[in-house]
Amino acid sequence: MAERASTKRSRQEKSLVPRLSTASWLLIILAALCVIGVVMVGSASSVISISFYGSPWSIFFKELIWMVLGTIALVITIRVDYRKWRRWIPLVLAGTLVLLVFVLVPGLGVTSGGSSRWVGVGQLRVQPSELMKLALALFGADLIAKRQENGASVRMMIGPLVAVAGLACALVIMQPDLGTAMVLMVITLALVFASGVPKQIILKGVLGTTALVTIAAVAMPYRRERLLSFIDPGSSASGSGYQVVQSLIGLGSGHLFGLGLGNSHEKWGLLPNAHTDFMFSIIGEELGLIGAFTVIVLIGIFVLKGLRAAEQAPDRFGGLLAVGLISWIGAEAMINIGAVLGALPVTGIPLPFISFGGSSLIITMAAAGMLINIARQGGATPKATPKKKSSRASSGNARTPATRTARPARAR
């Protein structure tokens with residue numbers, strides 16, 4: 001009896017501890033990553049900010065502005081039902097494709113660092129390739145959900161998605177921006193996989209994507225150099241492999257606990273793009289292995305909870321959209337951290353929610369808001385309450401049928 005009483009008490013105590021919903025997990029982890037990002041951008045950019053703007057805080061304040069705008073986008077997409085975005089998909093997709101063409105037109109596209117990736121005037125610039133990630137995820141999820149409801153064939157379901165993704169990738173590669181094209185390919189493959197098509201088609205898609213990426217990587221001389229430096233960074237430590245070598249030096253010098261916030265050596269002109277593409281290296285240098293591992297764990301949990309949101313989504317469109325969004329965020333994190341560690345070639349992909357950036361941060365925050373909205377909708381299914389037994393039922397003359405909890409449709 002005593003053991004039963006203690007067991008009952010322990011269960012009651014556990015029930016008093018509230019379990020966080022998937023949406024709450026996503027929001028908490030997102031907030032943590034954004035705080036880390038703002039703090040580390042301020043630290044990593046202080047030296048280069050003095051060189052360009054005469055103040056160590058200029059880039060930091062710009063990041064704060066982008067973060068505020070990103071937070072506004074996050075709040076909007078959290079509060080607006082994700083289904084309402086379906087009506088805007090044709091307009092968003094067409095507008096983004098037009099902007100991708102404008103980027104390549106001399107006089108309309110803004111060129112920086114040898115790449116034409118922006119449209120705009122002065123400091124007011126938009127990077128259409130970032131918006132293309134969101135447009136592709138929305139378009140693919142909507143297309144597959146509608147075609148599956150109508151019983152369309154695999155070709156009719158997947159064909160238009162592959163065509164649009166192929167056109168978008170071609171326009172992005174022409175900028176040139178192979179890294180973003182790779183992310184678009186990952187989004188497409190993730191949606192195709194989630195649609196439940198035969199494995200043979202998925203295998204062909206993976207092999208075809210690998211072949212296209214390989215051809216694109218060796219087609220341009222500077223990409224060949226990056227690929228060779230990835231294979232052996234030390235052979236070109238003063239050339240194309242310089243960033244990777246300095247990145248590894250920064251990571252190694254952090255040891256377990258790091259040199260301390262603001263005490264990075266690499267940000268003093270040794271590591272180019274320290275506050276953008278190689279932010280993870282500065283995190284490892286200043287916060288050590290513990291700080292770097294914490295970022296990886298946070299991103300990993302965010303991805304797992306995003307997949308959980310896809311599984312719990314109340315409809316097919318929501319499940320597919322969640323898959324597209326979380327595959328995009330997860331792929332960017334893997335590509336960025338892999339490049340910093342020397343495990344993948346350098347592609348210029350930012351670390352989600354952490355690297356300095358305008359269009360990238362705002363659009364990724366908007367995508368995170370949609371993901372959280374899907375998680376909220378999926379977790380909002382009310383639990384059925386058992387019906388009270390009547391006196392007649394309790395006497396055994398009648399039985400009350402069991403009421404089952406309605407389960408949301410799961411994304412395959």
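Here the Cβ of each residue, glycine as well, is placed from N, Cα and C on the backbone.
Any TrEMBL annotation is an automated prediction that lacks curation.
Under the heading transmembrane segment, TrEMBL lists 20-53 (among others).
Per TrEMBL, transmembrane segment is recorded for 59-76 (among others).
Among the features that TrEMBL reports, transmembrane segment is placed at 88-108 (among others). Tertiary proximity for the transmembrane segment (88-108) is limited to same-chain residues at least six positions away from its ends with a CB under 8 Å from its CB atoms, namely 116-119, 126, 128-129, 131-132, 134-136, 138-139, 142, 164, 167-168, 171-172, 174-175.
Residues annotated as transmembrane segment in TrEMBL: 157-174 (among others).
What TrEMBL records for 180-198 (among others) is transmembrane segment.
Through the fold, the transmembrane segment (205-222) approaches residues 162, 169, 173, 176, 178, 181-182, 185, 188-189, 192, 240, 345 of its own chain, all at least 6 residues removed from its boundaries and within a Cβ separation under 8 Å. Annotated transmembrane segment per TrEMBL: 205-222 (among others), in sequence order.
If you look up TrEMBL, you'll see 287-307 (among others) marked as transmembrane segment.
The transmembrane segment feature in TrEMBL is assigned to 319-341 (among others). Sequence-distant contacts of the transmembrane segment (319-341) (same chain, six or more residues past either end, CB-CB distance under 8 Å): 82, 133-134, 136-138, 140-142, 144-145, 179, 182-183, 186-187, 189-191, 194-195, 244, 247-248, 251, 277-278, 280-281, 296, 299, 302-303, 306-307, 309-311, 313, 347, 349-352, 355, 364, 367-368, 370-371, 374-375, 409-412.
According to TrEMBL, the feature transmembrane segment maps to 353-375 (among others).
TrEMBL lists 379-412 with the feature region 'Disordered'.
Here the transmembrane segment (180-198) sits apart from the transmembrane segment (287-307); fewer than 3 CB pairs are under 8 Å, leaving out pairs fewer than 6 apart in sequence. By number of Cβ pairs under 8 Å, the transmembrane segment (353-375) is matched best by 59-76 from the list 20-53, 59-76, 157-174, 287-307. Sequence-remote contacts of a segment are chain residues at least 6 beyond its ends whose Cβ falls under 8 Å from one of its Cβ atoms, and for the transmembrane segment (59-76) they are 30, 34, 37-38, 41-42, 45-46, 48-49, 53, 275, 356-358, 361-366, 368-369, 372. Away from its own ends, the transmembrane segment (157-174) comes close to residues 93, 96-97, 100-101, 103-104, 129, 132, 136, 139-140, 143-144, 147-148, 180-181, 184-185, 187-188, 191-192, 195, 197, 201, 205, 212, 216 of its chain (Cβ-Cβ under 8 Å, at least six residues beyond either end).
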